[in-house]
Amino acid sequence: MTLLNVCGLSHHYAHGGFSGKHQHQAVLNNVSLTLKSGETVALLGRSGCGKSTLARLLVGLESPSQGNISWHGESLAKLNRAQRKAFRRDIQMVFQDSISAVNPRKTVREILREPMRHLLSLKKSEQLARASEMLKAVDLDDSVLDKRPPQLSGGQLQLVCLARALAVEPKLLILDEAVSNLDLVLQAGVIRLLKKLQQQFGTACLFITHDLRLVERFCQRVMVMDNGQIAETQAVGDKLTFSSDAGRVLQNAVLPAFPVRRRTSEKV
């Protein structure tokens with residue numbers, strides 16, 4: 001079943017010039033894509049190619065200059081109030097900059113409850129129980145509930161943001177470079193966790209990244225973005241080979257391997 005359909009999406013930003021005339025900077029150009037229920041898709045590209053702008057459009061944080069985004073066959077531009085609330089519940093996003101994504105004055109408990117208060121019909125006791133449950137799902141314990149963001153490590157705060165997104169049981173989770181600031185061990189742990197949660201909840205994932213290692217470990221399909229366009233789409237198999245220049249550049253980048261768990265029988 002198709003969850004999200006994007007057709008002919010273009011976007012630009014207007015900048016004021018010295019002459020007083022607005023200049024338009026094109027960021028996306030005629031982007032089309034589909035995401036199906038339960039699948040994991042990567043949006044791969046270098047920094048500045050338009051990935052994050054596309055993500056903001058997909059979740060409704062901005063409106064496109066041209067084109068259409070449909071959720072379950074309904075255009076986002078035509079959703080009524082009730083449909084828009086359901087859409088905000090069904091599609092959640094985890095940003096790269098977790099510090100800017102939370103209120104530093106709020107406790108973790110309050111941060112986790114926030115989307116549940118606005119998007120779900122749960123009693124306070126049920127919200128608190130789910131907050132604790134989501135923390136355990138991301139390998140954190142209740143000791144962080146009364147802490148505030150400045151008291152957490154970067155890795156812990158990113159996991160809190162992931163738990164917050166999962167608390168409303170979304171149908172689509174968008175991860176915008178969400179593990180890029182984590183060390184390799186934490187990255188590998190998050191990938192294992194996402195696979196487990198995806199199997200448990202059947203959530204579709206759009207994994208926005210410039211890191212091919214994450215694509216090969218986590219995704220079924222990959223789209224390569226370059227200069228605001230989708231350069232190519234490939235299935236992720238044993239030997240992933242790109243035909244576009246942008247894909248080959250990323251494939252040839254030298255990156256360290258993911259850490260692999262030793263078997264208990266192996267000697268150090």
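Each Cβ is built from the backbone N, Cα and C atoms, and glycine gets one as well.
Pulled from Swiss-Prot, these are the features on record:
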DOMAIN    4-252  domain 'ABC transporter'
BINDING   Gly45, Arg46, Ser47, Gly48, Cys49, Gly50, Lys51, Ser52  ATP binding site
- Sort Cys49 (ATP binding site) into helix, strand or coil using the DSSP assignment. coil
- ATP site, defined by Gly45, Arg46, Ser47, Gly48, Cys49, Gly50, Lys51, Ser52: further same-chain residues with Cβ within 8 Å of the Cβ centre: His210, Met225
- Which of Arg46, Lys51, the listed binding-site residues, has fewest other Cβ atoms within 10 Å: Arg46
- Cβ contacts within 10 Å for Gly45 (ATP binding site), all chains included, total 26
- Per-residue pLDDT averaged over the domain 'ABC transporter' (4-252), given as an integer: 90
- Can you check which residues sit near Cys49 (ATP binding site), meaning Cβ under 8 Å from its Cβ, same chain, 6 or more apart in sequence, and list them in order? Met225, Asp226, Asn227, Gly228, Ala246
- In the structure shown, which of the binding-site residues Gly48, Gly50 has the fewest other Cβ atoms within 10 Å? Gly48
- Message: What are the sequence-distant neighbours of Ser47 (ATP binding site), meaning same chain, six or more residues apart, C-beta distance under 8 angstroms?
- Response: His210
